[in-house]
Amino acid sequence: MINVEIVRHYNKWREHKQINKSLIKKITQNILLRFDNFSKIKQFELSILLTNAAEILILNKQFRNIEKATNVLSFPSNELNWQDLYSKLEFLGDSDYMHLGDIAFCYEVIYNESCEQHKTFENHFIHLLIHSILHLIGFDHQNDTEANIMENLEIEILSYFGIFPPY
């Protein structure tokens, strides 16, 4: 089971009814089912903040020391490495619960990017959600090899949901 908490700090998000707990759960589940080691976990939790440029700028400055609004920020609850997902998740011990982390999305940046890239707002959000969840479970793009692995997985998941790959 995946429990999703959504907090909306910006009313423009309400215009996008398709962006809801059901969608987020479906995408999260699709990602987690790709890794056998997550099968022993019975309950996952994920927190989503849907906010605006002013708030994301504060968060980006506070946590990354970057004074600029960004499309999305991911805050993993666990220090995972994607390579460990194929072996045992020993840090969980006997627990069958895992808080994946928190993700903050910025409406204005996502809106502007979707217009510039000729995508629907929802499809761009889905791509960023996939990207963020992959960060929460230990994927990164600090070098070309990691970036290729992460991008290929994003493309595979986006294709599953009928969304044209952005790369």
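Note: Cβ is positioned from N, Cα and C throughout, glycine not excepted.
The Zn(2+) binding site feature in Swiss-Prot is assigned to His131, His135, His141. Look at His131 (Zn(2+) binding site): DSSP puts it in a helix. Cβ neighbours within 10 Å of His131 (Zn(2+) binding site), excluding its own Cβ and spanning all shown chains: 22.
Residues His131, His135, His141 make up the record's Zn(2+) site, and a Cβ search at 8 Å around their centroid adds Ser74, Ser132, Leu134, Phe139, Asp140, Met150, Glu154 from the same chain. A C-beta separation below 8 Å, combined with a sequence spacing of at least six in one chain, links His141 (Zn(2+) binding site) to Ala147, Met150, Glu151.
Within 10 Å of the C-beta atom of His135 (Zn(2+) binding site) sit 21 other C-beta atoms, taking all shown protein chains into account.
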